[in-house]
Amino acid sequence: MTNFDLMYTQILSARVIIGIVIGLVSAPASIYSAEIATPKMRGRLTVLTSLSIAVGILLIYSMGYVIPHDFRLVAALAAGVCVVSLVLLFFMPESPAWLMSKDREEEAERSLKKIRGYGAYSQRIPEVEKELMRMRDNVMAQRRAGQESFLRLLKQPQVYKPLGIIIGFFGFQQFSGIFVIVVYAAKVSSEASVSMDPFLCTVLIGITRVVATMMVAYILDTLGRKPPSIFSGVGMLVCMFGLALCSYFPPIEQLKWIPTVLILTYIFTSTLGFLTMPFSMLAELFPQTVRGPASGVTVFFTYLMSFFTIKLYPTMVDYLGSANVFIIYGAVSLLGVLYVIYIVPETKGKSLQEIEDYFRGMSHGSTPSQEMEEDEVSNLSTESV
């Protein structure tokens, strides 16, 4: 006979452990992607973190739909995916920038060659040498600046400005209800008068998110960060106000499809901007000296806000009604659009050093030689030896 009290305790304990682990891996994944990418490929590479999350959520949604009455089997299958991920980590090359910061230059060179597609090629490669030289200069500059504490570095504009901007961006992401829809997909579908099986609707939500995230990989390096985010916020507020209307005035039988389309459109538009852009920009905005701790602080506040929004959603629905909750999320989306327009900087095509100089207040354009050098580095992954 099942001991439900024991099972409840086990589930809560597991959720706490999972939460800690997610917090530990979220920032390093984005930082690693930003450190190994060239300026022209950084947007596409960093969005792979969001794509992996979207695929994982779709996988769990699908297993929950196919195996609705055996959560233990679903959990076991998910654990198997974690084991495979752990094994694959052993085959990943270490970040060349991190190796250089530890004075392991030969390892940094081997790692960079492997990442750029040169494998075990032993001869000197001019493009790789240039990139290693920039890494070396960056490390030396940091050491000359001294080993200041993170709290002291927070007083510098290139640290506190991006930290405030990115936490604000994540704040609008969380309080616009994006993660509420993801976590309470079946519940929200029912409250929005969706006529189809709510668990099937969650699978469609997962598919929509994966498709939209794949599009983001292309959009990031063609349209930049701000235009997709603005489009995303406008789409989100329209969909949320539409869902509120459907809650106030349930559609007739012939129009029962409207809430389903609104939810899927909301997921699609949110993924194009507000869901993925903050994570993509997380590792871009901070100087390397504080990239680790600053990203950790950002992720901490992000998941703290996520905890409150997800935990408060059922209570808000009980006291305010689902329609009013949707209106609140739509209003936050509108404020988020204004925040992106006037506060969030555009980082498309800029090197990490140029972004740092922007927050310092140093405005300068790239010289032709700098642009040529970035073009050379960006082509490393496609050139054959």
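The backbone N, Cα and C atoms fix where each Cβ goes, glycine too.
What TrEMBL says about this protein:
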type	residues	note
DOMAIN	1-348	domain 'Major facilitator superfamily (MFS) profile'
REGION	363-385	region 'Disordered'
TRANSMEM	12-33	transmembrane segment
TRANSMEM	45-67	transmembrane segment
TRANSMEM	73-92	transmembrane segment
TRANSMEM	163-186	transmembrane segment
TRANSMEM	198-218	transmembrane segment
TRANSMEM	230-251	transmembrane segment
TRANSMEM	257-282	transmembrane segment
TRANSMEM	294-313	transmembrane segment
TRANSMEM	325-344	transmembrane segment
Recorded stretch, among 12-33, 257-282, 294-313, maximising Cβ pairs under 8 Å relative to the transmembrane segment (163-186): 294-313
Long-range Cβ neighbours of the transmembrane segment (73-92) (under 8 Å; 6 or more residues past either end): 56, 59-60, 63-64, 67
For the transmembrane segment (257-282): best-contacting stretch of 12-33, 198-218, 325-344, by Cβ pairs under 8 Å: 198-218
Segment-segment contact (the transmembrane segment (325-344); the transmembrane segment (45-67)) at 3 or more Cβ pairs under 8 Å: no
Recorded stretches the transmembrane segment (12-33) and the transmembrane segment (294-313) touching, at least 3 CB pairs under 8 Å: yes
Overall pLDDT of the domain 'Major facilitator superfamily (MFS) profile' (1-348), taken as the mean: 84
Beyond the flanks of the transmembrane segment (230-251) by 6 or more, those residues with Cβ under 8 Å of it: 172, 176-178, 191-193, 258-259, 262-263, 265-266, 268-275, 277, 321-324, 326-327, 329-331, 333-334, 336-337, 340-341
